[in-house]
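Record features, source Swiss-Prot:
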REPEAT    64-94  repeat 'WD 1'
REPEAT    106-136  repeat 'WD 2'
REPEAT    155-186  repeat 'WD 3'
REPEAT    203-234  repeat 'WD 4'
REPEAT    247-277  repeat 'WD 5'
REPEAT    296-326  repeat 'WD 6'
REPEAT    342-372  repeat 'WD 7'
Amino acid sequence: MASVAELKEKHAAATASVNSLRERLRQRRQMLLDTDVERYSRTQGRTPVSFNPTDLVCCRTLQGHSGKVYSLDWTPEKNWIVSASQDGRLIVWNALTSQKTHAIKLHCPWVMTCAFAPNGQSVACGGLDSACSIFNLNSQADRDGNIPVSRILTGHKGYVSSCQYVPDQETRLITSSGDQTCVLWDVTTGQRISIFGGEFPSGHTADVLSLSINSSNSNMFVSGSCDATVRLWDIRIASRAVRTYHGHEGDINSVKFFPDGQRFGTGSDDGTCRLFDVRTGHQLQVYSREPDRNDNELPTVTSIAFSISGRLLFAGYSNGDCYVWDTLLAEVVLNLGNLQNSHEGRISCLGLSSDGSALCTGSWDKNLKIWAFSGHRKIV
């Protein structure tokens, strides 16, 4: 049998070996943290996405609103768009023909957000009335073409900044609000199922401006706030945030999950877009443009969207630009603001069609524009 001294010696050697492995692992992790997507991609020989001004063209201008356009959403499967405007109306458009199928006059004109239900048969909207209104598009219209509200979701103590249906669930909707919370609703009953934040210490400490539900795992969603953080939530555990993500230096106006659900992007008042890893919390990339020559300030990022592959990031800005970023190399491959028939005001919202073939942008110039990849251009 081994003596006590020999056992102690073996224990010391094993401990030293474990500590050495731990140190090597720590150093390796630190090396990975110091490597962003851009540098890694370049070391792997990735080439930039090449774009010509004719690769993405404005094929439709949707005119009909008499006020600033604040929000838009595509149907998951069909070519329909809903838009919300300062004129106090929701308009449902046929994206292929530019035809308006519904022009719904709202009881509260100060609308900030709108969303289609997964089946495309209902739309939701919210704003300064602190409520989320649901409209069934199959309802009988009155003489003026308006349809009645089918359900009003009340309970927020501040404006409703964003709303999104849970994918593949017609009866579940999540809203974000100026009361620093997000709420999961049962649309059928109008009741709150869960409240995220508020009295719980892990919640946001300022207005919540945006949210995005993970299409790969609809139990998870992220919220962006005026407290310059993003929080990850599990709808099954409302009492605490799963993780908090830092990095921005201004209000986070837009959050959007990456197509694979493992990452998400953000757009902020600090003028940057950022890409985060959901699991590790690591900031993978920063997409930052040069300041305007006139005032030396960065325009704010108002809205973002990813292409279906995730290789492109579309970002709308307060000065009317709409940049197309190469997400791997952090390079701008196109600015829609420089193209023919571009917007003449702030880009307030944007979204990609479900098949990735078209981008819709909304602006304070009262118009929406549909941008399509030209025939010879492969969708990325």
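The backbone N, Cα and C atoms fix where each Cβ goes, and this holds for glycine too.
Same-chain neighbours of the repeat 'WD 1' (64-94): 100-106, 108-116, 118, 120, 123, 125, 127, 135, 137, 167, 345-346, 348-354, 360, 362-364, 366-368, counting only residues six or more beyond its ends whose CB sits under 8 Å from a CB of the stretch. Note: the repeat 'WD 1' (64-94) comprises 0 helix, 18 strand, 13 coil (DSSP; helix = H, G, I, strand = E, B). Sequence-distant contacts of the repeat 'WD 6' (296-326) (same chain, six or more residues past either end, CB-CB distance under 8 Å): 48-49, 51, 56, 250, 253-256, 258-260, 263, 265-273, 275, 287-289, 332-338, 342-352, 355-356, 359, 361, 363, 379-380.
Within its own chain, the repeat 'WD 7' (342-372) is flanked in space by residues 56-63, 65-77, 79, 81, 83, 85, 93, 95, 302-309, 314, 316-322, 336, 379, which lie at least six positions past its ends and keep a Cβ under 8 Å from the stretch. Distant neighbours of the repeat 'WD 3' (155-186): 76, 110, 112-119, 122, 124-132, 134, 192-198, 203-213, 215, 218, 221, 223, 225, 233, 235, 238; these residues of the same chain sit at least 6 beyond its ends, with a Cβ under 8 Å from one of its Cβ atoms. The helix, strand and coil residue counts that DSSP assigns across the repeat 'WD 5' (247-277) are 0 helix, 18 strand, 13 coil.
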